[in-house]
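All remarks here apply to the structure that follows.
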Amino acid sequence: MAVTKELLQMDLYALLGIEEKAADKEVKKAYRQKALSCHPDKNPDNPRAAELFHQLSQALEVLTDAAARAAYDKVRKAKKQAAERTQKLDEKRKKVKLDLEARERQAQAQESEEEEESRSTRTLEQEIERLREEGSRQLEEQQRLIREQIRQERDQRLRGKAENTEGQGTPKLKLKWKCKKEDESKGGYSKDVLLRLLQKYGEVLNLVLSSKKPGTAVVEFATVKAAELAVQNEVGLVDNPLKISWLEGQPQDAVGRSHSGLSKGSVLSERDYESLVMMRMRQAAERQQLIARMQQEDQEGPPT
């Protein structure tokens, strides 16, 4: 029986279902079992039964002949080794391909990262430039506000000097009225009443009533003009008039008028005038000392 080339391309051991080292007895036994199962007479409806039966017969012919089997095993081994080499080569090619694809992906990712970094850098540079421009505008605005504040403070100092050219610091007046120690109404002059009487002449900075000396108070005006108007015009309550005299900040012309008025029966006594002159010569810092002293007297209370 001639063996076809197509049969040699097949795995005869696998066709019979036996091991490569199977003995002739095992080969024949396997052939009988396979041949019976696929005999054309038993499988009339299977068109491949005759072909398979023919292949089994050829396999038996090759594997039961020692020389033919040895030649077949040699060819089979060579084909197997070639297949293994091809598989290894395919695996190597596959690995090379995978490595190449991985490097390409890595290169693309790196390029993408570089592009993203470049975009981020450009964005950062733009933001820095924007902040620099906005910072310059803000700096200019702050410097403008500082210059404006300095100008306003300078103007205020100039106005304050103009208002107090003749006096020392802010003007302060001494207020006196009749009041008995046991008089709870304080002679009709509470702090609110005095403020209502005096604030119509100008801003009142401080007003301190002495509890140790009933009927006595000190008022501090913001301007000399307001103090002058109060001295010249305020008389207080009709049934209990106020006596108003200068303590600090009295203009020179007002001092002259007060001095000449004393010789003509002014309401100021000689003692009040001397006290007025001494107080006018004090520095502006004594204002706080005077107020603090009177507040301390109020806290201590009247002597027993």
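Backbone N, Cα and C atoms are what each Cβ position is placed from, and that goes for glycine too.
When Lys161, Lys181, Lys264 are compared in Swiss-Prot, the N6-methyllysine annotation sits on Lys264. Residue annotated by Swiss-Prot as phosphoserine (from the set Ser37, Ser112, Ser211, Ser269): Ser112. Each residue of the compositional bias 'Basic and acidic residues' (118-145) gets a DSSP state, and the totals for helix, strand and coil are 28 helix, 0 strand, 0 coil. Listed by sequence, the residues of this chain that lie at least six past the ends of the compositional bias 'Basic and acidic residues' (79-106) yet keep a Cβ under 8 A from its Cβ atoms amount to none.
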